[in-house]
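Peer 1: Have a look at this one.
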Amino acid sequence: MSAAPSASAPAEGAAAPAGTGLLGGGAPADAPASERSLADRIVRGDVLVVVLAFVFAFLIGSALIIVADEDVRAAAGYFFARPQDTLGAAWTAITEAYAAMFRGAIFDYQARTPARAIKPLTETLTIATPLIIAACGMAVGFRAGLFNIGGTGQLITGAMAAAYIGFTVDLPPVLHLLVALVAGVAAGAIWGGIAGFLKARFGANEVITTIMLNWIAVNGLNYALKTTAFTGANKSQPVSPAVADTAALPQILGPQFRLHLGIVFAIGAIVFLWWLMNRSAIGFRFRAVGSNPRAAEVAGIDVGRSAIGVMVTAGALVGLAGAVHLLGTEHKLTGGIAGSVGFDAITVALLGRSGPIGILLAGLLFAALGTGGRFMETTQGVPLDLVQVIQALVVLFIAAPPLVRSLVGLGGVDRPGTARKRRARRRTEATDVATAEATAAEPSATTGSTAVAETDAEDTTPAAPAARPAEGENA
Amino acid sequence: MSTAVAPQPPVADDTVIERTVLADRSRSWWHLPATLTVLALAAMVFFGLRAKAGASTTFGLAEKAALNPGKIIPETVTVPTGPATIVLTALCLAIAAFFWWAQWANVALRPLVRIGLLALFALLWVLGFLTWASAGSETMSIGSLLQTTIVLAVPLAFGAQAGVLSERSGVINMAIEGQLLFGAFGAALVSSLVGGALGPWAGLVAAPLMALVIGALLALFAVGYQVQQIIVGVVLNVFAVGLTSFFFGTVMRQNPERFNTASVLPHWRIPILADLPVIGRVLFDQNILVYLMWIIVAALTVAMFRTRWGLRVRAVGEHPRAADTVGIDVNRTRWTNVLLGSAVAGLGGATLTIGTNVAFGEDMSAGKGYIALAAMILGRYHPAGALAAALLFAFADATQLKLSAVSAGGGGIPSDVLLMLPYIVTLFAVAGVVGRVRVPAADGVPYVKQ
């Protein structure tokens, strides 16, 4: 935990390389291709790691399904008499669970009508919408070296503001929606901005403040749902009235699907993230602070103001996610409006390495696992929590490619004589400012970050020739 | 506010020295006194001046059965709400004024004086709040309030010690939540499996072992594979919630008698001392986990700052390269400390189930791990400080519970607003009183041998 804004390690670590997607990171494309054999490149490549990460995660998930299945345990009681019973029961349990997951997430091949068959896919997209937007907000923080855990709180305030505008104010159709969305964005921005302000002004650790703000928002929401201002006439139920039709996001595939216009906002958020971080001056400052706060300060960037800016931007995006979720999917404000989106968004941003494409893919993946898991829970009785375990395992495995490679006996790649050059950059000389700027300006360079995949860094260091001379220890 | 600033002392020989220091007064010198003043004024206006006229508040101090020769400590104390609150908050203001003077003149207060005054401020403030909030309702029993505080503080304190252990060696431990949860799960599972009077004791052994799983994973990824440590921690928490909820929803739900029954560690009552009024039950009639908490905090304070082991751990956390140069195995130290920490957190998890006679429940740690983390930072990475912060959070939480039980009378604060109390207290504490905490320099930085 670093309370001090200077040279904070998480700051550097979380700042993943710009523009790298799910498969980005250590893609050996920049390395001198002729020097490496094709096999070597495949082994080192991220595609293999990602595939293997999923294989291992689902294998462990299968083990859990077996342990939890009553038929399997019953058959295991007489395992030595008839082992095929146990194995058969285990196979049935696993395949049925994963088949249900697929049917619930992407395409229901047992459905009677085509509309029902593709409903799971639209459902996945609906769930993915707030997840992707919120993950974009999280990514802004990570890239700028701030660890924003406050997704839940920002989501709740965003949803609350949007809902309030949605069911109290009377406005013409398009304007009403816009005002409600803006209210959500503003509320999220304020909630995030509080943490940013406390960080900038008092040096309060953003991890703590955002967690506390989460709880304050959760309890504030529960309180609000007991007041007539939010519940309207129906005071006994902790539910708000539905937002007016003029404020609801239109459904784009007709009333039988829940998919709504919010998906466009999700794509917009992705583009905004890309533009902000890779094309704008503000984003450049955010990234400079993220990769090396000391150097950024020396270069004349106001680190404190940057912290506020980052948290306001992150909060605004997460607030938008809350508003979109409420105006598009839920329509009514309830105590559980935020669900686990606030925390899932963190994992999505991490899995997507805070890059636009990565977040898009990771968000769709998490949403698919979530909707599939829910279907699996209702049809097969396998708890949804299995999905959480699989999600966590995927992120863990992808974060440590050497572990994955060594599990399949390819560990040798990670233990040649190559020295590991990564270490914390904490120098204040002016040359380092140039380095930091070069790092920040060079989107494909991982130099400034202890990237998620630590050892991948050695693959990409040649991509930053500008930074190289300044790094004394680069062999 | 500025009226509280004392005039500059007249020039005497030794004040010359002080004035040279004055130039060095940090830019944030006014944060602490300003926070205190705001808090005190808010309390005075909201609690003191808005109290119902003629209302009175009754505090319960000693119980009838307590060892209380000659009724030295009265059983109940009744005070008029308004005046009492105003007096208490006025004393708070006086302390705030003293801090204005001390910070302005840059007087170096001894740490003990400073902390003592802050503690006194907190005590007076809270008393003022309690006086106001429990006005007119039934007796506010201080003894039972403290008892709840201890029960709530133990998991936080264990978690915070786990944080101190691993962060002093340079590994950020965001996974306290997961360790608590695994500890609670292991304790409940094993104590149900073993059953009988021996069950809880088996659970007590199982909890740290179970939490070691999370600790080992954290160390494997953070130290072994140098993955960004906050990421590992957050993801491990998701993993722990998912895994325990999965087993709770399947195995435990299918057969709760066998896998998830509530059991409790016996209370060890220390004769005579446990009969003392007010503090007797709180300090001397608890289960082994509470006593262990005191012992671990004391042992850790000594070990961390007075032994060779502690010096090495701190060296690894501050400057791993230097530690490596003198022959300390950096990564092994980190591994040991993370594992040790997770075992301690596992004990905290055990408190949630076998410490309080509760069966395991889904996500039952409910964010306590994160609060423990906050307690550790608030306690400035010091075992005793972390304990104090844990007690503070627990007290705020206990007050909230107590007041929402009697809320109909008193201040009439809605329970949801009361629930926010601990978190608002933390926000103020983190921002105003603590501010910039000095973090172990290499905290969160993986070490790679050159």
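Keep in mind that glycine also has a Cβ here, set from the backbone N, Cα and C atoms.
TrEMBL entries are annotated by machine, without manual review.
Note that the structure is predicted; figures quoted are calculated from it, not measured.
Residues annotated as transmembrane segment in TrEMBL: B:29-49, B:84-103, B:115-133, B:145-166, B:178-198, B:204-223, B:230-251, B:288-305, B:338-358, B:370-396, B:417-437.
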Peer 1: Can we call the transmembrane segment (B:338-358) and the transmembrane segment (B:230-251) in contact, meaning three or more C-beta pairs below 8 angstroms at a sequence separation of 6+?
Peer 2: no
Peer 1: Give residue numbers and ranges for long-range contacts of the transmembrane segment (B:29-49): same chain, 6 or more residues beyond its ends, CB-CB under 8 A.
Peer 2: 1, 4, 82, 85-86, 88-90, 92-93, 95-97, 99-100, 103-104, 106, 121, 125, 128-129, 131-133, 428, 431-433, 435
Peer 1: Which sequence-distant residues neighbour the transmembrane segment (B:288-305)? Criterion: at least 6 residues beyond either end, Cβ under 8 Å.
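Peer 2: Counting only partners 6 or more residues beyond its ends, the transmembrane segment (B:288-305) has Cβ contacts under 8 Å with 150, 154, 157-158, 161, 164-165, 168, 204, 265, 268, 313-314, 344, 347, 350-351, 355, 382-384, 386-387.
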Peer 1: Grab the same-chain neighbours of the transmembrane segment (B:145-166) for me: Cβ-Cβ under 8 Å, and only residues 6 or more beyond its ends, written as numbers and ranges.
Peer 2: 172-173, 176, 179-180, 218, 278-279, 281-282, 286, 289-290, 293, 296-297, 300, 304, 334, 337-338, 340-342, 344-345, 347-349, 351-352, 355-356, 365, 368-369, 371-373, 375-376, 379, 381-383, 386-387, 389-391, 393-395, 397-399, 401-402
Peer 1: Are there residues at least 6 beyond the ends of the transmembrane segment (B:84-103) whose Cβ is under 8 Å from a Cβ of it, and what are they?
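Peer 2: Answer is 1, 4-6, 25, 29-30, 32-33, 36-37, 39-41, 43-44, 47-49, 51, 57, 109, 117, 120-121, 124-125, 127-128, 131-132.
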Peer 1: Six or more residues beyond either end and a Cβ under 8 Å away: which residues meet both conditions relative to the transmembrane segment (B:115-133)?
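Peer 2: Distant contacts of the transmembrane segment (B:115-133): 36, 39-40, 43, 46-48, 50-51, 57, 59, 79, 81, 84-85, 88-89, 91-92, 95-96, 98-99, 109, 140, 392, 395, 399, 403, 410-411, 413, 433.
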